[in-house]
Amino acid sequence: MIIVLDFGGQYNQLIARRVRECHVYAEVHPYTISIDKIKEINPKGIIFTGGPNSVYAGDSPRYSREIFDLGIPILGICYGSQLMSYLLDGAVETAPVSEYGKTEVDVDKNSVLFKDVSPRTICWMSHTDYISAAPEGFRVTAHTPVCPVAAMENPERRLYATQFHPEVMHTQEGMKMLSSFVYDVCGCEGTWKMDSFVEDSIKSIRERVGTGKVLCALSGGVDSSVAAVMLSKAIGRQLTCVFVDHGLLRKNEGDEVEAVFGPEGDYDLNFIRVNVQDRFYEKLAGVTEPEKKRKIIGEEFIRVFEEEAKKIGSVDFLVQGTIYPDVIESGLGKSAVIKSHHNVGGLPDYVDFKEIIEPLRLLFKDEVRKAGLELGIPEYLVFRQPFPGPGLGVRIVGEVTAEKVRIVQDADAIYREEVAKAGIDKDLGQYFAGLTNMRSVGVMGDERTYDHAVALRAVMTSDFMTAEAAEIPYKVLFKVTSRIINEVKGVNRVFYDLTSKPPGTIEFE
Ligand code: XMP
């Protein structure tokens with residue numbers, strides 16, 4: 001295992017993920033982890049992340065020098081490289097010229113990190129401080145015209161540092177550098193695969209849960225389904241899944257979830273479906289503000305869940321299908337709150353449980369899918385599009401009503417059917433129909449109409465943090481538009497959303 005020591009950088013999980021892409025398991029730990037704990041984990045290597053601070057600031061995150069004496073290889077990145085230099089008595093200063101973005105870097109091919117890299121390579125820089133003099137025993141292995149120590153190393157002590165970020169896509173040969181570090185410097189074998197993660201997780205869940213009872217809120221989406229199946233494989237009927245049908249699901253989805261996870265389905269678990277559609281519509285009546293809607297749906301979901309949990313009685317563990325992007329986008333990490341995803345942070349107050357299990361917390365979406373396939377979950381479920389916890393509630397702009405839900409469900413079903421028929425469904429990251437908050441005048445069969453406008457959205461994305469509008473063929477869009485207008489009562493106009501993320505988000509609210 002490689003430990004990624006987090007000093008507050010934006011890319012800490014990305015570093016771990018890149019290492020996992022080299023088939024080496026990596027975990028992020030905060031810089032406050034004790035040296036004894038590190039010794040106990042006994043990693044093959046340690047990577048110091050970047051961070052927004054200056055090593056000289058009084059309150060900047062640091063680590064004890066002792067870490068360099070453990071004999072474990074260390075790679076410092078950006079702030080992590082400056083920290084290495086600072087702790088080992090090199091010099092760090094404010095750079096006369098800060099570098100930001102794609103930068104040409106000259107590297108020394110004699111360094112093991114750069115042995116497979118072009119002598120001049122494009123790297124991603126983002127710094128205001130820099131190492132002005134490498135510590136004793138180090139040699140400089142890369143530079144730019146304005147950055148004298150873009151990389152340095154002390155191969156005898158197996159200490160390496162780069163001012164640039166090898167983990168980001170814009171560092172064109174960054175993966176080669178990281179894989180040289182994990183294979184050649186740390187001596188990792190690259191035997192880790194998603195199936196090891198799945199097996200290890202099942203094993204550790206089984207050990208942790210023992211004979212305890214576990215409760216899971218199952219939404220039928222990819223994340224909670226993968227979490228539920230993992231738990232079911234680990235502990236079978238000690239697991240109870242509660243599926244709340246809040247009336248904001250896609251067309252027929254409630255029945256589909258029941259078919260897979262219910263008594264007639266494929267898995268060994270207890271399944272409870274709660275039909276509370278009207279209760280949600282009542283709570284949402286008259287509410288238009290997106291965050292308020294989210295909070296209401298999240299709150300009400302938790303209340304329903306608590307009521308069911310009470311019937312079950314005390315449980316030992318609660319499972320959440322939280323995945324890594326939920327954690328950052330909800331502002332639990334360092335980033336600003338964009339949306340309060342209700343599957344993070346919103347915990348039931350009155351459910352009698354002792355601990356939370358979040359088996360997917362470290363994974364990105366595509367990694368969750370890989371885990372799902374390893375678990376033997378059918379492909380149609382694994383590659384199901386992500387669906388937000390608040391469901392159609394955030395796809396209906398403005399007030400939610402049963403009538404509007406019916407319109408979106410029908411329009412969305414037609415859209416999905418036609419996209420699949422055109423054979424482009426697998427190429428799209430996420431696509432769905434939403435309902436705008438406008439009504440407009442139209443004419444149908446010589447009559448004036450004053451009806452709703454449906455908005456179609458389709459994005460290309462791999463991580464759901466950024467996205468581009470997809471180029472759906474006009475032929476498909478015309479077909480969908482004409483079917484929606486003809487078949488869905490109450491709609492007389494259809495739009496296609498071309499906004500990317502940022503500045504837009506994927507959902508409408
Ligand atoms: P946005 O709209 O934030 O969507 O660009 C990014 C991804 O997250 C999903 N999403 C949510 N998931 N609760 C969730 O569980 C939410 O409140 C929520 N809001 C958005 C969205 O479908 C997309 O995949």
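Cβ coordinates come from backbone N, Cα and C, glycine included.
The feature active site, nucleophile is assigned by TrEMBL to CYS78. Among the features that TrEMBL reports, active site is placed at HIS165, GLU167. Annotation source TrEMBL lists ATP binding site at SER219, GLY220, GLY221, VAL222, ASP223, SER224, SER225. The domain 'GMPS ATP-PPase' annotation in TrEMBL covers 192-384.
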For the ATP site given as SER219, GLY220, GLY221, VAL222, ASP223, SER224, SER225, which other residues of the same chain have their Cβ within 8 Å of the site's Cβ centre?
LEU218, VAL226, ALA227, ALA228, GLY321, ARG384, PHE387
Counting distance between Cα atoms, which of the active-site residues CYS78, HIS165, GLU167 is nearest ASP223 (ATP binding site)?
GLU167
Calculate the distance in Å between the alpha carbons (Cα) of CYS78 (active site, nucleophile) and HIS165 (active site), and round it to a whole number.
7
Can you tell me the three-state DSSP label for GLY220 (ATP binding site)?
coil
Calculate the distance in Å between the alpha carbons (Cα) of GLY220 (ATP binding site) and GLU167 (active site), and round it to a whole number.
33
Cβ atoms within 10 Å, counted per site: which of GLU167, ASP223 has the most, among these recorded positions?
GLU167
Neighbour count, 10 Å Cβ-Cβ cut-off, for HIS165 (active site): what number do you get?
24
Lowest 10 Å Cβ neighbour count of the recorded positions CYS78, VAL222 is held by VAL222
Between GLY221 (ATP binding site) and HIS165 (active site), the C-alpha gap once rounded to whole angstrom
34
Could you round the CA separation between HIS165 (active site) and VAL222 (ATP binding site) to a whole angstrom and send it over?
31
Report, as a single number, how many Cβ atoms besides its own are within 10 Å of the Cβ of SER219 (ATP binding site).
25
For GLY221 (ATP binding site), just count the other CB atoms lying within 10 A of its CB, please.
22
Give the three-state DSSP assignment (helix, strand or coil) for SER225 (ATP binding site).
helix
